[in-house]
Amino acid sequence: MVFFPEEVVEHILGFLASHRDRNAVSLVCREWYRVERLSRRSVLVRNCYAARPERVHARFPGLRSLSVKGRPRFVPAGWGAAARPWVAACVAACPGLEELRLKRMVVTDGCLKLLACSFPNLKSLVLVGCQGFSTDGLATVATNCRFMKELDLQESLVEDRDSRWLGCFPKPSTLLESLNFSCLTGEVNSPALEILVARSPNLRSLRLNRSVPLDVLARILCRRPRLVDLCTGSFVRGNIVGAYAGLFNSFQHCSLLKSLSGFWDATSLFIPVIAPVCKNLTCLNLSSAPMVRSAYLIEFICQCKKLQQLWVLDHIGDEGLKIVASSCIQLQELRVFPANANARASTVTEEGLVAISAGCNKLQSVLYFCQRMTNSALITVAKNCPRFTSFRLCVLDPGSADAVTGQPLDEGYGAIVQSCKGLRRLCLSGLLTDTVFLYIGMYAERLEMLSVAFAGDTDDGMTYVLNGCKNLKKLEIRDSPFGDSALLAGMHQYEAMRSLWLSSCNVTLGGCKSLAASMANLNIEVMNRAASINEADNANDAKKVKKLYIYRTVAGPRGDAPEFISTF
């Protein structure tokens, strides 16, 4: 057998960008494992409780970029996922840290202070869906991290104490390339923002919150016409009359703009103002513009011939989607959200989805909230778009059958998984029986994430999926009849999966205990409304579990579980 020198192996590994590929080569042999761990610069931890921070740093002593994911989407408030242990471990073992990305974690101001004071050379801080910190923490980061290129607060809950943090970035100029504070709910110091933009010549991505006035936006665009990504501010604040012409002129000079979002409180009046940038847009997010009439939306979208990603509200209607399908033939991702999240009705149906699939045959990803669906429509979509890697369909009435025949939607979803060989993410809704799970287990060979609700007849349905989907990583099931037999039937698969979420199913405490006794590398967390359960009390074994979260770990049971969680 021929062995490559370490330098050659390290050089080869340098061409592997994905975490999946790096993980795979580390399993080839001990020598490759050693070279890979010493040369790894970027690490992704998909579950903050899957491994201890100290162990991650011990394995990868040379890492420069760390990404950690926290709580799952469905867990109750107070579940955990504190960022402090991870930041403290970085301080102790990773002096060269340059990038930190945290998702759905609890980040305090003290945590941000520790981070900023310990890593003055930090270049990128991304906090997605995080909470627990305020603008005081942001001020500390801006003051101390003088080489910051990216600060992204996407969908985080930030306590607004004041807006002085915008004035804390280094003077006379910054290295900022990307700034996202669209999630902030408080007022923004407009003069400080304008000065910051003026001092950031490398700025290419800017996402403002809804308190930034229209006239300020116009001046920002005039100052930085080479933006590539923009989330606009408010369209109803500031000197609107005076800013209208200025904004139109500013957009005319934004020839590099590719991604546009925001449109906070925008009305149909302002759509023509944005028209100059239509021809170059590849990403357009209109999900925050409920007051723009569909006719104006359609007219605007039709001018975006290069569009690859489109997010809209369902008031665009089936007719609007048909026009989009004929105009945006390069479309690769479509998301249609309900304009009224509390409504059980929608203005889009299966007709809009079929039209999009017919006109946009490059479509790879769909998230579609609709009023009704049919098997024939899904079969047609499957034939038109075999490139799907992500297909998420939400029928607003979760138990809805085929709107024409009254049959379950099994055959339609079966066509999706059979035609779309590269499907990795699937979300189902509507009236579904065990048959759809049989199809998924038979045909969805590459499926990694599956989310279902109000589906199935017996334990067989879940068993079909666990036995058939060898690449499954995440399984989320809500309000379905699966019980202990289905749970225990998947033991062979759980070692390879990242997590399993079950809520309002038929699993009992006894089933959870049986699984825990057989699989020591799993954390099995039962979430109760009351205090923790006495594990030794067998009288509780027949009680159904309301919420269950199972995940693979090499760290053992966590020490910060709140009282409403019992770990087996």
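Every residue number used here counts from 1 along the chain in the order it is shown.
The backbone N, Cα and C atoms fix where each Cβ goes, and this holds for glycine too.
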Residue from R41, R446, R498 that Swiss-Prot also lists as binding 1D-myo-inositol hexakisphosphate with K69, K103, R104, R335, S390, F391, R392, R425, K473, K474:
R498
Pick from 80-85, 188-193, 254-259, 338-343: which stretch is listed in Swiss-Prot under region 'Interaction with auxin-responsive proteins'?
338-343
Tell me which range among 364-368, 394-398, 499-503, 514-518 Swiss-Prot lists as region 'Interaction with auxin-responsive proteins'.
394-398
Mean pLDDT for the region 'Interaction with auxin-responsive proteins' (338-343), rounded to an integer?
77
Measure from the Cα of E155 (site 'Interaction with auxin-responsive proteins') to the Cα of every one of the binding-site residues R104, S390, R392, K473, then give the nearest.
R104
Which residues of the same chain, at least 6 past either end of the region 'Interaction with auxin-responsive proteins' (394-398), have a Cβ under 8 Å from a Cβ in it?
338, 343-346, 367-373, 427, 429-430, 453-454, 479
What residues, ordered by sequence, lie under 8 A Cβ-to-Cβ from S390 (1D-myo-inositol hexakisphosphate binding site) and sit at least six positions away in the same chain?
Q364, S365, V366, L367, L423, R424, R425, L426
Which of the three DSSP-derived classes (helix, strand, coil) applies to R498 (1D-myo-inositol hexakisphosphate binding site)?
coil
C-alpha spacing of R478 (site 'Interaction with auxin-responsive proteins') relative to R498 (1D-myo-inositol hexakisphosphate binding site), in angstrom:
18
